[in-house]
Every structure is written in structure tokens, then in C-alpha cells.
Ligand code: TXD
């Protein structure tokens with residue numbers, strides 16, 4: 001059986017970590033593409049040379065030629081500029097649309113059967129554009145945002161409650177912007193509602209609500225918090241790990257349920273737009289979207305987030 005092939009478009013901060021994670025997990029052979037000469041070649045040589053230490057054995061190639069992505073099972077796109085302090089993700093739309101256009105054309109020509117995971121910001125708009133240009137079925141063009149936003153939410157909950165991050169489940173829906181929807185009602189520690197645990201901890205419903213609201217706010221601004229600290233770029237370890245979880249579910253047909261930026265056709269009351277929702281990811285890409293009832297408050301937040309996505313996507317035309 002042939003090995004899987006993963007191509008990474010964009011060899012910057014996230015691209016480099018993606019390549020290393022693919023190697024460490026032996027997900028398949030990896031191609032790292034960038035327009036900067038030497039950058040992807042240098043990074044792949046660097047990662048390849050430590051195979052004997054980390055004990056992975058995969059082919060790692062850096063390239064400036066789209067031809068090398070031929071036969072890819074998965075393509076992960078990080079090409080594009082990251083934010084600087086004070087910028088919103090949406091401020092990147094003009095420059096990153098141009099980059100995404102050329103990238104999507106390359107994928108369409110050289111990896112027509114691949115499943116594409118977009119990471120570049122502004123995420124919801126870049127996924128939309130990538131699907132339009134490739135013309136691939138919507139199930140094969142998706143975006144990574146929700147795995148990371150959810151992980152951030154879960155991390156803050158674990159810290160607050162003093163429990164292992166491994167035992168917290170939390171999820172965010174909606175667009176990858178400041179209006180994302182962290183689902184408080186479904187956040188749990190091994191199935192026990194987080195709100196119940198917060199109420200126990202503080203013995204005060206109002207205080208528990210206040211603490212949760214602060215965690216929701218921090219989750220919404222978590223990308224910006226990292227940008228403000230780094231000053232020269234945005235988060236890169238966490239988006240890479242998050243996309244790898246999605247890629248692994250697809251490559252190994254694990255059918256994990258992961259919050260994914262998916263094209264909706266009526267689900268959650270949304271039609272014709274890419275928005276973050278829980279999806280089953282398997283060998284065909286998005287195999288189904290998991291729907292469930294939102295209460296009035298959650299639906300209102302979702303509607304607000306979707307309105308922001310619509311405005312963003314509309315501004316691209
Ligand atoms: O969760 C998420 N979705 C995200 C997304 C979380 C954090 C950051 N996210 C976004 O990912 C960020 O706002 C950026 O739009 C992308 C990539 O972030 P990264 O930190 O990796 O940016 P870098 O280090 O600047 O790398 C971008 C690379 C760089 O090497 C450029 O030379 C390359 O993109 N680039 C291109 N590659 C291929 N083709 C073209 N046209 C091109 N233009 C630039």
C-alpha cells in the first residue's frame with residue numbers, strides 16, 4: 001500500500017510545525033511548499049536530519065514548485081500573512097485573498113483529488129475562496145479554527161477548576177472571529193457540567209456566571225492575546241496541532257467529531273456559507289455534520305457570528 005502524501009502550502013511558522021508533527025506521527029510523506037526560495041528546503045532538511053533521533057522514517061521534501069504536490073491525499077494551507085498587534089483577522093483579507101487565489105489554482109491543477117484544510121486567515125473567507133477557485137466538492141475543502149478555539153476554551157476551564165486538560169470537553173461554534181460561540185451549556189469535566197462545578201466551587205451562582213463569562217471572553221480574544229505577546233506573528237504551535245488532529249482523522253478514517261469550518265446547507269439555520277460546526281471527519285473529508293438544538297441565547301450568538309461571516313465574505317467580492 002502506498003504511503004499517504006501530505007502537502008503543506010506555506011512554509012512559515014505554522015507550516016514548519018505542521019511538517020514536524022507529520023513526521024513525528026509518521027502520517028505520511030510530506031511536501032512543504034513556499035514561494036521563498038530555500039525556506040521550505042531548509043526546514044525540511046532540518047526536520048529530516050533528526051529522523052534518526054526522533055525515529056521517524058518518512059520522505060520530507062521542501063519545494064518552490066507546485067508540481068511536487070502531485071498525488072497529495074491532503075493539502076494544508078497556511079500561506080498568507082499573519083496578524084500584527086492591534087490588527088483583526090479581517091484586516092488580512094485583501095492581501096491573503098490574492099495569495100489564496102494563486103494557492104487554490106496550484107492545488108486545483110496539481111492535487112485535484114486532495115482534501116484541503118485551510119488555516120490562513122481570515123479563516124471563513126479563505127476557505128470560501130479556496131473552494132470557489134478549486135471547484136472541489138464542499139466536503140473536500142474545510143477550515144481549521146474550531147479545534148483550536150475549543151481547545152483554548154477547554155484549557156481555561158481546566159486551569160480554573162484545577163483539573164487535567166485531558167478531562168475537559170468544550171466546543172466553540174460559528175466563525176473564527178470575535179463573535180465565535182463558546183458553548184457553555186455543553187462544557188463538561190468527564191460529562192459533569194462545568195457550570196455545576198463552578199457553582200460548587202464558589203457557592204454562588206452569580207460569581208460562577210461571572211467566572212464563566214470571563215473564560216468565554218478570553219477564549220474569543222485568545223488569538224489576539226498571543227499576538228500581543230509575540231509582537232511579530234500569531235499563534236503557531238496550537239493551530240498546527242489542531243489541523244493535524246483533523247488531517248489524522250481524515251487520513252486514518254477515524255471519523256472523529258471535530259469542530260470544523262464546513263459549508264452549511266440549512267444546518268443550524270445557515271445556508272450557503274462556511275461556518276464552524278461539529279463534523280465527522282473521515283476518508284471522504286466531511287462525512288456528516290452533527291446537528292443539535294441550540295437554546296435561544298446560543299442561537300442568537302450563532303446568528304450574530306454568522307452575520308459577521310457573511311459580511312466578511314461579502315467584502316471579498
Ligand atoms: O487557527 C487558525 N486558523 C489560525 C490561522 C491561527 C493562527 C494564525 N492563522 C493564520 O495562518 C495567520 O493569520 C496566517 O494567515 C496563516 C499563517 O500563519 P504563520 O504564522 O504560519 O505565518 P508566516 O510564518 O508568515 O507564514 C506564512 C508563509 C510564509 O512563509 C510566506 O512566504 C508564505 O506563507 N507565502 C506563500 N506561500 C505560498 N504561496 C504564496 N503565494 C505565498 N505567499 C506567502
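Cβ atoms are placed via backbone N, Cα and C, with glycine included.
Nobody curates TrEMBL annotations by hand; they come from automatic prediction.
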Same NAD(+) site per TrEMBL - residue from 29, 34, 113 joining 10, 11, 12, 13, 14, 15, 96, 119, 120, 121: 34
Distant-in-sequence Cβ neighbours of residue 10 (NAD(+) binding site), under 8 Å, six or more positions away: 33, 34, 77, 78, 79, 80, 103, 120
Proximal but sequence-remote residues of the same chain as residue 14 (NAD(+) binding site) (Cβ under 8 Å, at least 6 apart): 78, 119, 236, 239, 240, 243
Listed binding-site residues with Cβ under 6 Å from ligand 1, out of 34, 121, 152: 34, 121
Residue 83 (substrate binding site) and residue 12 (NAD(+) binding site), Cα-Cα, nearest whole angstrom: 13
Whole-number Å value of the largest CA-CA distance among 10, 11, 12, 13, 14, 15, 34, 96, 119, 120, 121, listed as NAD(+)-binding: 17
